[in-house]
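Annotated in TrEMBL:
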| type | residues | note |
| --- | --- | --- |
| ACT_SITE | GLU281 | active site, proton acceptor |
| ACT_SITE | TYR349 | active site, proton donor |
| BINDING | GLN127, CYS128, GLN129, PRO259, TYR260, GLY261, GLY262, MET263, GLU264, ARG529, MET530, LYS531 | peptide binding site |
| BINDING | HIS280, HIS284 | Zn(2+) binding site |
| DOMAIN | 429-573 | domain 'Peptidase M1 leukotriene A4 hydrolase/aminopeptidase C-terminal' |
Amino acid sequence: ILSAVTGLNVMSDPCSFSSFTRCVTKHLNLHLHLDFDRHVIRGRVALTVEVLEDRFSTLTLDSSDLSVVSVTANGQPVSLPSSLSVLMAWQHVIVEVTYETSPSATALQWLTPEQTAGKKHPYLFSQCQAHHCRSMIPCQDTPSIKHTYYAQVSVPKDLVTVMSAVRDGQEVDPQDSGRIIYRFRQTVPMPSYLIAIVAGALESREIGPRSRVWSEKEFVDKAAFEFSETEAMLKTAEELAGPYVWGQYDVLVLPPSFPYGGMENPCLTFATPTLLVIAHEISHSWTGNLVTNKTWEHFWVSGVCTFSFHSPVLVISQVNTFGANNPLTNLVPSLQDVNPDDAFSSVPYEKGFALLYHLEEQLGGPEVFMGFVKSYIQRFAYSSVTTEEWKNYLFAYFKDKVDILNKVDWNAWMFTPGMPPVKPQYDTTMADACNALSQRWLQAKDQDLNSFKQSDVKTLSSHQVIEFLSLLLQEDPLPLTHVKKMQEVYDLNAYMNAEIRFRWLRLCVRSRWEEVVPLALKMATDQGRMKFTRPLFREVFNFEKFRDEALRVFLAHRAGMHPVTSGLVSKDLKVDVSNAASQ
């Protein structure tokens with residue numbers, strides 16, 4: 001991040017140097033040239049900026065590892081100081097920056113042909129959430145600012161490009177007949193973290209009247225089948241939250257190294273082979289994309305709509321990972337001097353879900369509360385909100401139930417670390433079966449092990465098996481005899497569901513089953529979803545006998561990992577990446 005402008009610069013977002021109370025970007029016009037040999041993007045961006053106050057003279061843009069070639073403001077050359085600041089004397093200004101990204105840009109992962117399914121062509125994908133757009137484009141990289149964008153992208157002719165925008169045609173690159181220029185337009189204002197780009201040997205299939213699925217040809221037909229219910233889910237979401245405003249809703253199935261299960265980029269949701277349900281990402285089209293958290297401290301408000309599509313998951317594992325007194329387990333944490341990547345977890349979703357479910361119970365049930373959610377989305381559409389604004393609207397909407405709302409311990413919910421202050425009363429019928437089975441295993445002596453039968457899990461849904469394993473992971477490790485017996489009667493090694501397999505392998509490693517360690521490290525490296533990769537590496541690292549093996553496998557695979565994943569795993573394993581690189 002560039003150094004801040006001294007003086008009266010207003011620091012309204014701790015994760016950005018852009019002063020969004022003083023000037024805002026309204027539109028980006030992008031020209032991008034993807035260089036797969038050097039792993040860089042040569043770019044030119046024209047930012048249309050509106051000045052909001054008198055005597056404002058300096059625009060500061062966020063950037064990370066960008067080589068800036070030139071800058072103009074309304075066509076006039078600007079000589080740059082050490083930070084990317086532009087002196088301005090207009091109400092509206094078009095700032096044009098010509099630049100080049102670094103091969104190590106944190107927003108970008110460049111895959112060699114060998115890392116793809118087809119093995120013939122390279123592949124590029126971006127991941128800008130939370131604050132990585134600045135390594136791809138100099139911009140006001142804060143969710144508080146929303147803008148439209150237009151893009152032209154030049155790629156080798158064997159590749160196809162898609163973006164988080166509506167496709168707007170293509171042509172042979174007039175500068176190089178071996179390349180194609182793809183054009184895109186995004187007419188709905190959106191924050192910088194939702195700018196997304198993918199280039200590879202992609203094919204698509206139609207899966208609905210406003211949806212296509214994109215992938216390498218090896219996966220595309222399977223993906224079309226997996227996501228065939230997308231239109232039905234979109235219609236359900238529209239009934240709950242109002243019209244879908246983004247036009248196209250496409251799904252892109254990425255290579256396994258993508259660090260998240262899914263990413264709700266407008267017009268083009270990113271998914272990995274481990275993502276089983278698209279409903280969560282669809283719901284972000286309303287809260288997250290249409291109504292956005294003003295800063296990453298208020299990230300939980302992006303889950304206000306996803307709550308409608310959500311089944312409760314215990315937040316306890318993430319609280320245990322951070323520590324029950326860690327302020328990053330606050331629903332609204334302070335991110336002053338904190339990297340948002342380090343704060344990323346399921347806590348905002350799960351603790352936020354618990355709060356919303358609690359409020360729904362208190363205020364009159366699902367029909368009443370979803371009326372509020374729909375009204376809230378319509379009120380704050382196309383803008384960014386804080387927790388305080390959300391809460392004020394809640395009190396205004398339920399003005400006849402303020403006495404109920406005043407009984408809520410808002411400070412405990414919002415600003416106190418650890419578990420939620422109230423455990424909502426969910427329907428526990430399905431959970432009870434999981435709890436009973438987990439208790440049988442926890443209390444079983446060696447002589448009791450023959451009482452377990454395959455039928456114990458035959459009647460359980462995959463969600464119940466996940467819950468059963470999750471409950472065991474909250475307790476002290478099972479004896480090795482127990483997990484071996486569990487494999488014998490339940491054959492959990494045969495489960496391919498990533499959520500089940502992930503928990504089962506962690507349970508086995510924790511019980512010190514040495515033969516399972518290679519399977520755990522294989523899952524940690526076969527896919528790059530941080531939700532799986534980081535805990536699996538941590539689990540093996542904590543098995544003293546295999547600590548060196550965990551480090552060896554990580555260092556061997558680090559180059560093929562997404563930069564964010566690699567950086568966070570290196571912290572988990574206490575690896576000095578700069579020293580490791582020279583070994």
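Glycine residues also receive a Cβ, built from the backbone N, Cα and C atoms like all the rest.
Automatic prediction, not curation, is the source of TrEMBL annotations.
Residues of the domain 'Peptidase M1 leukotriene A4 hydrolase/aminopeptidase C-terminal' (429-573) grouped by DSSP class, helix first, strand second and coil last, total 116 helix, 0 strand, 29 coil. Averaged over the domain 'Peptidase M1 leukotriene A4 hydrolase/aminopeptidase C-terminal' (429-573), the predicted model reaches a pLDDT of 94. If you count neighbouring Cβ atoms within 10 Å for each of the binding-site residues HIS280, HIS284, the highest count belongs to HIS284.
When the Cα of HIS280 (Zn(2+) binding site) is compared against those of the recorded positions GLU264, TYR349, MET530, the shortest separation belongs to GLU264. It is 20 Å from the Cα atom of MET530 (peptide binding site) to that of HIS284 (Zn(2+) binding site). Among the residues GLN127, CYS128, GLN129, PRO259, TYR260, GLY261, GLY262, MET263, GLU264, ARG529, MET530, LYS531 said to bind peptide, no two Cα atoms are farther apart than 17 Å. The number of other CB atoms found within 10 A of the CB of GLN127 (peptide binding site), across every protein chain shown, is 25.
Rounded to a whole value, the Cα-Cα separation of GLN129 (peptide binding site) and the residue listed as 'active site, proton donor' is 16 Å. Between the CA atoms of HIS284 (Zn(2+) binding site) and GLY262 (peptide binding site) there is a gap of 11 Å.
Cβ neighbour count for GLY262 (peptide binding site): 23 (other Cβ atoms within 10 Å of its Cβ, all protein chains included). Across the recorded positions listed here (TYR260, TYR349), the residue whose Cβ sits among the most other Cβ atoms within 10 Å is TYR260.
The two recorded residues, GLU281 (active site, proton acceptor) and GLU264 (peptide binding site), show a Cα separation of 5 Å. All chains included, 20 other C-beta atoms sit within 10 angstroms of the C-beta of MET530 (peptide binding site). Geometry remark: GLY262 (peptide binding site) versus the residue listed as 'active site, proton donor', CA distance 14 Å. Note: the CA-CA distance between GLU264 (peptide binding site) and TYR349 (active site, proton donor) rounds to 15 Å.
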